[in-house]
Each structure stands twice: as structure tokens, then as C-alpha cells.
Amino acid sequence: MFLHWPLALWLPPLPSGFSPGSRTSLLLVFALLCLPWLQEAGRVPSVPLSRLFDHAMIQAHRLHQLAFDTYQEFEEAYIPKEKKHSLMENPQASFCFADSIPTPSNLEETQQKSNLELLRISLLLIQSWLEPVQFLSSVFANNLLHHTSDSDVHDLLKDLEEGIETLMWRLEDGIPRTGHIFKQTYSKFDAHSQNDDSLLKNYGLLHCFRKDMDMVETFLRMVQCRTVEGSCGF
């Protein structure tokens with residue numbers, strides 16, 4: 001497995017006065033000059049583990065914040081307070097496919113998991129959302145805080161998926177790991193419908209998305225704390 005995460009991670013920050021376009025040019029020059037050698041050598045430069053974790057944590061936090069804000073905004077707009085409790089007791093809204101993954105349910109159980117186990121669970125959670133995010137296209141489009149789309153969210157998920165795979169590869173000392181990829185998908189949702197059934201389904205889906213992204217960020221933070229010196233306590 002080759003490290004093919006964002007090329008920008010290999011380059012130091014630009015000096016002051018350089019524009020983003022200058023960085024793009026540097027990346028292009030780097031790729032043209034170095035990639036033939038990298039292909040011949042059979043590997044790519046080793047990115048510091050701390051930098052890989054920093055990038056993964058940024059993406060995980062963005063996804064968690066997006067999930068939290070979208071859920072809260074949707075709830076305030078469409079779910080009456082007096083109905084919130086009864087709606088979440090409805091199996092259609094409260095069941096998440098992630099419940100079928102053996103995830104730790106509290107801090108003690110989380111601490112008992114190895115770094116690779118926590119990364120593996122995080123990877124499964126991310127992969128389980130690569131398809132379902134399209135069912136929330138209109139919900140994301142109407143988000144007043146983030147102004148994003150389902151394709152933007154999908155790109156964030158794919159980037160984090162790749163990042164977690166890279167971290168697993170590094171922690172395994174480059175030994176490839178095989179295993180079942182979580183391919184469960186949610187039932188299709190009529191995101192454009194305004195009937196109560198559609199609102200309930202979207203509410204449930206957003207609840208699961210928020211819950212899963214919270215777990216991913218928590219698990220990644222714990223692995224980073226264990227692995228990278230000086231990264232705890234934030």
C-alpha cells in the first residue's frame with residue numbers, strides 16, 4: 001500500500017507573501033519532478049505521524065461539527081419540542097446501522113480497545129456513510145451554517161477514509177490488512193417530501209450521522225493521544 005494522502009502534507013508551510021496559487025504551482029512542480037523517482041523507488045516520502053493525525057483530526061472535527069449543526073438546525077425547524085422524545089423512541093428514527101458494529105459504549109470500554117481496533121471501527125463508521133449522505137442532499141443544501149452539499153460531505157468522508165487507512169498502515173509497519181468492508185446502506189429517503197414520515201426518516205438519519213461522527217472523532221483523538229507525544233489534553 002502506498003501513501004497517497006494529500007500531497008500538501010509533504011510540503012512545509014509557504015513563507016509569508018506567497019499566494020495559494022504559488023502553493024499549487026509548487027505542488028505541481030513537486031509532482032512532476034519527484035513522482036517518477038517515487039514510482040521507481042516504490043514508495044513515497046514518509047509523512048510525520050503527528051501530521052497525519054492532525055489532518056485526520058481536522059477532517060473528523062469538521063464532519064462532527066457539520067453533523068451536529070445540521071441535526072440541531074433540522075430539529076429546531078421541523079421537530080416540535082413536545083414530540084422530540086416520542087420520535088426518538090420510534091425504531092425508525094432511533095436505529096442506526098452502526099449499532100450492528102461492536103463499538104465501545106463508554107470510556108472504559110474505549111480505553112480497553114487497541115489503537116488498531118479503534119481505527120478499524122472508525123473506518124467502518126466512515127465507510128457506512130459514503131452512500132447514505134446522498135439521501136440528505138436537500139438537508140445539507142438548506143443548512144444555513146455550512147452551505148454545503150452531499151458531494152462536499154462525501155468528499156470529506158472519502159478523505160478521512162483514506163487518512164484512517166494510511167494511519168492503520170503506518171501503525172502496522174506497512175503490513176497490509178484485509179477484512180470485511182462495511183457495506184450496509186440505509187433505505188432511500190424521500191428528502192424532498194414534507195410529510196411526517198419523510199421528516200421522521202431524515203431526523204433519524206441525521207441522529208445516526210451525528211452519533212457516528214462523534215464516535216469517530218472521539219476514537220481518533222484517543223489513538224492520537226496514545227501515539228503522538230504532547231497531543232493529549234486538548
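Keep in mind that glycine also has a Cβ here, set from the backbone N, Cα and C atoms.
Automated prediction, rather than curation, is the source of TrEMBL annotations.
The signal peptide annotation in TrEMBL covers 1-41.
Glu217 (Zn(2+) binding site) falls within a helical segment according to DSSP. As annotated by TrEMBL, Zn(2+) binding site applies to His61, Glu217.
Annotation for His61 (Zn(2+) binding site): same-chain Cβ neighbours under 8 Å, separated by at least 6 residues, are Glu217. Around Glu217 (Zn(2+) binding site), a 10 Å sphere centred on its CB holds 22 further CB atoms from the protein chains shown.
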